[in-house]
Structure formats: C-alpha cells, structure tokens
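Undergrad: What follows is a structure written as structure tokens; I'll ask about it next.
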Amino acid sequence: MEQGKGLAGLFLVISLLQGTMAQQKEEKHLVKVDDSQGDGSVLLTCDFNEKTITWLKDGHRISPPNATKSTWNLGNGAKDPRGMYQCRGAKKKSQLLQVYYRLCENCIELNMGTVSGFIFAEIISIFFLAVGVYFIAGQDGVRQSRASDKQTLLQNEQVYQPLKDREYEQYSRLQGNQVRKK
C-alpha cells in the first residue's frame, strides 16, 4: 500500500514539473487583439520589429505583399471576423490566434449599475405590493357594524314564519305532488 502511494506521489510531481517546464518554454504572445475602438472595429497588433509583416487568416495571406503595417483591421465586430490569424515577418512568425465573436442581440451587459438597478426595482415593487395588501386586507377588520347595516327579516326575532293556510304560493305546499283540497 505504501508503495502505491509513493508511486502516485511520484507521478504527481513529474506531471507538475512538466507543466512548469512547458510554461517556461512558451513564447510571449506576439499578436494582440484590441476591440475597444469607438467604431466597433477589431484591430490585431503584431509585436515584430521588422519592416515587412504578412498577415495570414486560416493559412491564406490577407495582407498585400511587402506590407509594413503592424496592425490589421478586421472590420466591425458585428460582421463576425472569425478565423485563425497569424502575423509573419522575414525571420519569425507568431503563434496562431483564434478570433471568435459570439454576438448577442438581446443581451444585457451586467455591470454593477445594472444589477443594483434590478435589485432596487425589485425592492420598490415588493414594498408597493406589501402596502397594497395591507390596505386591502386591513379594511374589513377595522369596520364596526352599525345599526343601519342590520336588517330585520322576521318580526319579533322569530326563527320560523308559519305558513298561511290555503295559499297557493311557492312554499305553501310542503308535501310534494299531493294537491290540497279546496
């Protein structure tokens, strides 16, 4: 059992060392993306100190030959400038950079002001709902009964009113289908 733990620990140490070695060998990013332009355009910037820079998209050259611009305008971000971009000089080339824009037409940018506005609106709506329920529910319990609200249906507080004899009204017959004698 101890030998298995030691082997697992050795495997963990080796994998961590390989990760740090790969990170040290990694080149710095030579192509940078700038999408904070006022007109919504996306710019790629290549950090080469060379005279001629060639821009590639998906392995095909997109810049004119012998171009000297270290920046490349991809156009508006709404036009979806997707692809694998790379800049190449006379002596070296950059790593591939994948540009992928996912546009959302019905999205809301959630910053601190938007979230606090939602919370404030929710608190205000709950307050008005609670006040409305309080005033509607509180009206019935506070009202006192008045003498004019009470109607006297039967005289002298009788429980039942006797039926009058020989009247053919709706409630004068109590025995169903039998007809009363006249």
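In case you wondered, yes, glycine gets a Cβ from its N, Cα and C as well.
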Undergrad: Of the residues C46, C107, which one does Swiss-Prot pair with C87 through a disulfide?
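TA: Answer per the record: C46.
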Undergrad: When a 10 Å sphere is centred on the Cβ of N66 (N-linked glycosylation site), how many other Cβ atoms does it contain?
TA: 9
Undergrad: Would you count the other C-beta atoms found within 10 angstroms of the C-beta of C87 (disulfide bond) for me?
TA: 25
Undergrad: Measuring Cα to Cα, how many Å separate C87 (disulfide bond) from N66 (N-linked glycosylation site)?
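TA: Cα to Cα, C87 (disulfide bond) and N66 (N-linked glycosylation site) are separated by 13 Å.
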